[in-house]
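Feature annotations, reproduced from Swiss-Prot:
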- Asn420: N-linked glycosylation site (CARBOHYD)
- 5-25: transmembrane segment (TRANSMEM)
- 58-78: transmembrane segment (TRANSMEM)
- 96-116: transmembrane segment (TRANSMEM)
- 141-161: transmembrane segment (TRANSMEM)
- 174-194: transmembrane segment (TRANSMEM)
- 208-228: transmembrane segment (TRANSMEM)
- 348-368: transmembrane segment (TRANSMEM)
Amino acid sequence: MWRRTYLLLLLIRAYFALSPSYIHPDEHFQGLEVFAGRILSYPSRLPWEFTSERPIRSVFPLYPIYGVPISLLKWFYTETGTESPPAELVYYVVRGVMFLLSFVLEDWAVHDLVPLPRHRRVALVLVASSYVTWTHQTHTFSNSLETLLVAWGLVLINRIIDNKRRSSLFSCAILSFICVAGIFNRITFPAFLVLSLGLVVYNFPRRPLSFFSLVGFGLVFFCIAVFADTTFYKPSASFADVLRSPVITPLNNLLYNTDNSNLALHGLHPHYNHFLVNLPQLLGPALVAMVLQAYNRGFIASWFKNLRAASALSATAMLSIFPHQEPRFLIPCVPLLLSCLQVRKSRIFLGAWVIFNATLGFLMGVYHQGGVVSTQLAVPSVISTTTSLWHESLKGTQSLFATVVWWKTYSPPLWLLGDNSTLNLNIDTRDLMGKPGSEMVKELERLVPTCGSKQKSTELTSSLEQPDAVFVVAPKSVTFLDQFLAPQSPDSSLELLELWSYKKHISLDDLDFGSDGVLPTMKRVIGRRGLGVWLAQRPGCRAIDS
């Protein structure tokens, strides 16, 4: 029975892995935006983590996950003599890679970490039925990679400790790679393994070869990581330059995150936020069950002896010291804690667990900013189709310049625009984020050509400040746009003509319970869900009639 349940949950995980939801900008801008721009020459806008004088993000642990699949796709398309791979294919291939890593490495690690077969089956089903596994773990987060590295770090530590007759040289060498990759991936990684590594160090006097294997290979992998980062950020650097001025991203990251003034830019939280807000958000009814079981003294004693529980709770406590706390920072705790839960046959728990994960699974895995990826993938074809008549009137091979204004959404990943050289398009993306509606209108007033400059459509300029066409992408739940929807009277200053929409999109940032009330807000955000693309034009001189 449990095998059929597990296979069903595996299909659910695959469904969410291939659903284009958008949980957080970091899943694109701290990985795919970088490698798609560098390898495929797609449009890209690197975040400050990669462009500052002291970059804080390492490419060493990311290249095998993102760079290798993208490079293989590029090689295949080059060998077949075709153009660059479409951005949509790259997106789903990398998502498929994340699904396989989650299925193979995460589940395998849970299988190895839980010793008793009866408890192992329950642990596998609990982890496989968590919405965090369906969504966060199949997205391109550094936290998702951290989860795998933490889990396998614990697996190897268990093997080293249990194997008392041999030195476990190979396990120590692999553990050293995991530690280096984990630290270069996220500086929070040591918090999850510090207690477990203490047990390994305790055994070193009896097995000195294990010590030399761990430290020796660790130094080798550290040097490789520093060399990879230095040559990435300084492509023209020689070997001597790498030795003189290496780029050590974990050190830069640590210096940045230990400065509270820097953390304040990202949002400060109370120190109890991880325990009282983030863990309940990730675990739901499972956390309630753990708290209820904590009243059993024997259960508490067993948890302190449990390496998985001790690692998760100690890491949560250490990460709570820092005032910037997001739920995804605790993603590695989810499989560790769920694998410790002793679930009895309870219909109440089962019902609550199913409802909790189904609700958050569809919210975070399908609807949360779900239209951003699909819309960005569709933008080139929408612009090309809309402006086809203008394009036919152009002379020569001049490109058509289009400005796309994104409003009240997460930042659109530019790499999803792909290679548009064959469409003869030059797309300028303006991200207005959550600016007030009045500022958005001012931006459109500045960009949209007036009726007196209508000839611009056939007399192109090379300036992106004066586009040939202006498009607006915004949630359909934003009622502010209703006053501009076509048709408008000729006396109006702006008119928005809807061209395209994606229904599975909900913007939680658009919730305004204080001004509108709870029920009206939920009715608006859910009832008018979707992301739309509009053509902005002057009603007195429409390029396209509604």
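The backbone N, Cα and C atoms fix where each Cβ goes, glycine too.
Using a cut-off of 8 Å between Cβ atoms, the transmembrane segment (208-228) and the transmembrane segment (348-368) share fewer than three residue pairs, counting only pairs 6 or more apart in sequence. The listed stretches are 5-25, 96-116, 141-161, 174-194, 348-368; of these, 174-194 has the most Cβ pairs under 8 Å to the transmembrane segment (58-78). Within its own chain, the transmembrane segment (5-25) is flanked in space by residues 91-92, 95-96, 98-99, 102-103, 124-125, 128-129, 133-136, 138-139, 141, 328, 361, 364-370, 372-374, 410-411, which lie at least six positions past its ends and keep a Cβ under 8 Å from the stretch. Taking Cβ pairs closer than 8 Å, the transmembrane segment (348-368) reaches residues 12, 16, 19, 21-23, 129-131, 134-136, 284-286, 289, 504-506, 508, 529 in its own chain, all 6 or more past its ends. Tertiary proximity for the transmembrane segment (96-116) is limited to same-chain residues at least six positions away from its ends with a CB under 8 Å from its CB atoms, namely 10, 13-14, 17-18, 65, 69, 123-124, 127-128, 133, 137-140, 144, 147-148, 151-152, 154-155, 158, 307-308, 335-336, 339.
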